[in-house]
């Protein structure tokens, strides 16, 4: 060993010998200490998600536009700002908890109003108003203690003191001290009075680069600083940029003009200039540790997109119980859903354009617009649209949290800078089964591959046309898939002359057979199981009967609702089944219905409307009934005079009715005795009054199951089960519709796979694709470096290769 210490070795043995649970606690604590900065960010964002007020809004914005953009870490000024701001917020919230304020007298009435001023500001009276603020303050002090333990808390103070000692009141000098832990803004540090103004100019780029803080970099910077002090005037005019030069002349004017207006301008510059210089240094860094987190940003946006699709009701008004499938099936697109989807998709497109152009300035502007826009929308507009507070909207809180993850990744991308070269798809970095299946799944998403190819062509400098670009992308994708298969063949080689194992044959082949059989018989299985297994009972809400003779005025109308519609209990249902014992047709029909599918309707015998037929029609109907050659809907009837009290109509009443879900009700012949309908008695009742005679019909069914003395009709309704609303869009097509729309379309693709292999042998059976894959990556590389003429030459070489089978054979031979 290079270094040996008995105490350290004993200590290491002691910690290794501890229980696993204790070691896990140690590891979690060390992780917490190492990521205390992220813990503070998480607590601040969580506090804002729960409080959702203007008081807690300031710190999240500062996190995304100041702390996460600082190189290499946030400054002491930021942490002190966060600590002091949290303490002031706690005091303000405590002060406004007293009951003598007017808005605290009706807390129960105003606590759920999103636009109530105390709720917006965050000074409303509530239980536990300061719990999360105290946790936030505890996290900030914990991070402060960690920085102090590592000597990173007062780092920038030392740098500023060393430079202030050497600066004088009448000359400009270079700021001393190394670039500190807060990634100092290289700002113009104006003093409190107009007479003494110190302008800190940027360091010379050749003297020091943007690196992490260390004693070596500090000493090298100080040595470079001292070597240039002898040539101060020459150094200043050589390294002053346009911004600092204009500020130099501005300070001369401020020294000359000592008026109130000049002082106001001076105070404004004290705030504006450091912010401007901070973003200027961010866009033009001395050193950029380039990275690529676009994939993670894209995944965060995709998760937000999924949250919007499946939780769109949380972004609209009075739509808490809405269902996206039912809304789309009714050809209705909610406005809130449409706006959120378009905005989310638009931000993904803009982010892709900035990534391809590799413009940090555009990303900074986009970050600022998104941070302010999203916070203004989520905490000031959305509560008014949904009429509920943000803290009560769980889906919106989840969407905002994922968006905060995106903001953090965007800030990290800005701070490190975009990569200089964007080569291929992130899924094509390695050649294994995981990348193969993920890449093929990526290509199966409708319009995603096409949209990505067109966007890449629009925002990338190239000499290729759109068709040529798509050709290169398609060749690269095909070669990558072949490369993955060839690598898998090398990992799992198949010896020559050995038959395929039964595991492979029955595993892969059996799975394909089962899949093809399921596709062929899918409509029949789906339509038979959708109602029997997942079907929903469709009980009738209203049963109406109308009896007419020919085309004349109805003689009887009656309806049954609510209490008149009764379900059979267990004893009645069993008795009903026993009555058809021995009737095979009836029992076969009853197999498809359960007890809850049968409803008995009790209809009153008296018609609910008067018989208002005109005298000429009355006489004509009587004559028609007496004509034996007349054709009426009843099978047998008796000639009777309307003045008589009662007559019987035989086999005219269907006792059992089937109510399908997609057609009109129809009688059930299997349940009728000898396939004959029931008999009913009809009678015409007259009631004379001063206004004249009133007539109505009274009907009574013969042979009812429920032996009641009251006149009336009894009707049994057998209701078919209906498919669930989520699967109604498939069940509505029917068996033939599913065969035409699903089976035939899938069969077409399957047939192309089995019958089109012979036409692509020369492009599929390539033993070694390394040289072709390298040619494609070379095209990507020279495009990124700006060698557009070489790009054209390599593309022509690729096209010639695919036009020449002999050359393709030479290029794809196995290496010997």
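Quick reminder: no glycine exception, Cβ is built from N, Cα and C everywhere.
Note that TrEMBL annotation is computational and uncurated.
The list of residues near the transmembrane segment (14-32) in space but at least 6 beyond its ends in sequence, with Cβ under 8 angstroms from a Cβ of it, reads 39. Annotation source TrEMBL lists transmembrane segment at 14-32 (among others).
Residues or ranges marked as transmembrane segment by TrEMBL: 39-66 (among others).
Feature annotation from TrEMBL assigns transmembrane segment to 78-96 (among others).
Summarising the annotation, TrEMBL assigns region 'Disordered' to 155-180 (among others).
Marked as region 'Disordered' by TrEMBL: 205-225 (among others).
TrEMBL lists 291-528 with the feature domain 'Piezo THU9 and anchor'.
If you look up TrEMBL, you'll see 293-316 (among others) marked as transmembrane segment. Same-chain residues lying 6+ beyond the ends of the transmembrane segment (293-316) with a Cβ under 8 Å from its Cβ atoms: 322, 324, 334-337, 339-341, 344-345, 347-348, 351, 355, 382, 385-386, 393-396, 398-399, 402-403, 405-406, 409-410, 412-413, 426.
What TrEMBL records for 336-355 (among others) is transmembrane segment. The list of residues near the transmembrane segment (336-355) in space but at least 6 beyond its ends in sequence, with Cβ under 8 angstroms from a Cβ of it, reads 294, 297-298, 301, 304-305, 308-309, 312, 315-317, 319, 324, 327, 362-363, 366, 370, 385, 418, 422, 452, 455, 458-459.
Below 8 angstroms of C-beta separation, residues 52, 57, 60-61, 64-65, 114-115, 120, 279, 282-283, 314-317, 336, 347, 350-351, 354, 393, 396, 400, 403, 407, 410-411, 414 of the same chain, each at least six residues beyond the ends of the transmembrane segment (364-386), sit close to that stretch. Annotated transmembrane segment per TrEMBL: 364-386 (among others), in sequence order.
Feature annotation from TrEMBL assigns transmembrane segment to 398-418 (among others).
Per TrEMBL, transmembrane segment is recorded for 430-446 (among others).
Feature annotation from TrEMBL assigns transmembrane segment to 466-485 (among others).
For 506-530 (among others), the entry in TrEMBL reads transmembrane segment.
Taken from TrEMBL, the feature domain 'Piezo non-specific cation channel cap' applies to 568-629 (among others).
Annotation comment: TrEMBL describes 648-814 (among others) as domain 'Piezo non-specific cation channel cap'.
Marked as transmembrane segment by TrEMBL: 727-750 (among others).
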Next on the checklist: Going by DSSP assignments with H, G and I as helix and E and B as strand, what are the residue counts for the domain 'Piezo non-specific cation channel cap' (568-629)?
Outcome noted: 31 helix, 8 strand, 23 coil
Checklist entry - Out of 39-66, 78-96, 398-418, 430-446, which stretch touches the transmembrane segment (466-485) the most, going by CB pairs under 8 Å? => result 430-446
Next on the checklist: Can you give me the average pLDDT across the domain 'Piezo non-specific cation channel cap' (568-629), rounded to a whole number?
Outcome noted: 79
Checklist entry - For the transmembrane segment (78-96) and the transmembrane segment (430-446), does the number of C-beta pairs under 8 Å, pairs 6 or more apart in sequence, reach 3 or more? => result no
